[in-house]
Every structure is written in structure tokens, then in C-alpha cells.
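Following: one structure in C-alpha cells, then a few remarks.
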Amino acid sequence: MKSIQVPLQQLDPELPLPRYAHDDDAGADLVTAEDFTLAPGERRMVPTGMAVAIPTGWVGLVHPRSGLAARHGVSIVNAPGTVDSGYRGELKVLLINTDPTQPVSFTRGDRIAQMVFQEVARAHFVPVDRLPETSRGAGGFGSSGLSSTPDHYAQQR
Ligand SMILES: O=c1ccn([C@H]2C[C@H](O)[C@@H](COP(=O)(O)OP(=O)(O)OP(=O)(O)O)O2)c(=O)[nH]1
Ligand SMILES: [Mg+2]
């Protein structure tokens, strides 16, 4: 696995650093700096008490935790959140409680999200009159259907 150094400023020094729960995990867990409760349907910008300097050419993606999603319906509004390498402000997590009836409470230090680091490419956009042809063409938004044996697969069999 590639490894990068990420300078981290602890705006709230008593909180733990982000950690990988297991050696091969893709995401390092982020914690909340605050106690809060999300009412059903409520969203909130949650501070993490830290700022980072992600290396140029990389991005930090703020992903939901599946356990919170499965148990409480808690997700991230803008999933995955994009943390630009030039961003020096406090990392925040835009949580939402999608449960229609149950509130959910968090305590300072609880792990609320996970950050995945990825390399990014810079696109240079080149205006053209025609795009190269493909089998998909302009089909999208469900064009290949739901069934596991659609005609769509016929040519590959
Ligand atoms: O989940 C997130 C998403 C973003 N950010 C911070 C870092 C990121 O670099 C900055 C801007 O995010 P984004 O580009 O997604 O927001 P925008 O609405 O496009 O704002 P801007 O105009 O500042 O780019 O906000 C977070 O702390 N958490
Ligand atoms: Mg932006």
C-alpha cells in the first residue's frame, strides 16, 4: 500500500488522531469534537477538531461508516465529501439522520466518518466536435436494466 505523510493540526488537542481500525483498512476514522443529537431527518455540520495539509496530487474523501448507516440510518449528505489538498480549515462532516422516527445521539470523541486518501489526476479539457464512439453511447440512468440476464450482456457471452 502507498503511504503518504499528512501534516495534522490538532485544533482540539484532547481528541485522538484519526486511526485505521485495522491494518488493511482504506479509511481512517474521524471523530466528532462535539456532543450532539440528530433528530429524524436532521443534518448537521460536525467539527472534527483538526485541520490537515493533504499532499498536492491527493484528495481526502469523507465517507460514511456503514455501521452507523445500517444501525441508525446516519449518512453523509455530500458523500463522499471532498477535501482539497489546499484546504487548511477545520475538517467537517455533514452528517444526516435519514431515520424517519428515531433521533440519534453522539458523544465527543465518537467515530462518525472515515477519510480515504486517493491520488487525483488533473484534467485538461479539450473541446471537440465529435466524441469517440462506444457501446454505451448516451445510454445511462438505468439503460442496462435491473435483471442479471439482460440483453445488454448478450455480446459478452
Ligand atoms: O465533507 C467535507 C467536504 C468539504 N470540506 C472542506 C474541504 C474542502 O476542500 C472544502 C470545499 O469543499 P467542496 O469543494 O466540496 O465545497 P464547495 O461547496 O464546492 O465549496 P468551495 O466553493 O469552497 O469549493 O470544504 C470538509 O471539510 N468536509
Ligand atoms: Mg469546491
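Glycine is no exception: its Cβ is also placed from the backbone N, Cα and C atoms.
Those TrEMBL annotations? Automatic predictions, nothing curated.
Some features that TrEMBL has for this protein:
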DOMAIN    16-145  domain 'dUTPase-like'
BINDING   ARG65, SER66, GLY67, ASN78, THR82, VAL83, ASP84  substrate binding site
REGION    131-157  region 'Disordered'
Going by DSSP, how much of the domain 'dUTPase-like' (16-145) is helix, how much is strand and how much is coil, in residues?
-> 7 helix, 47 strand, 76 coil
For ligand 1, pick out the binding-site residues SER66, GLY67, THR82, ASP84 that have a CB under 6 angstroms away from one of its atoms.
-> THR82, ASP84
Checking the binding-site residues ARG65, SER66, GLY67, THR82, VAL83, ASP84: which ones have Cβ within under 6 Å of ligand 2?
-> none
Using a 10 Å cut-off, grab the number of neighbouring Cβ atoms around the Cβ of GLY67 (substrate binding site), all chains included.
-> 10
By a simple count, how many Cβ atoms lie within 10 Å of the Cβ of ASN78 (substrate binding site), its own Cβ left out?
-> 11
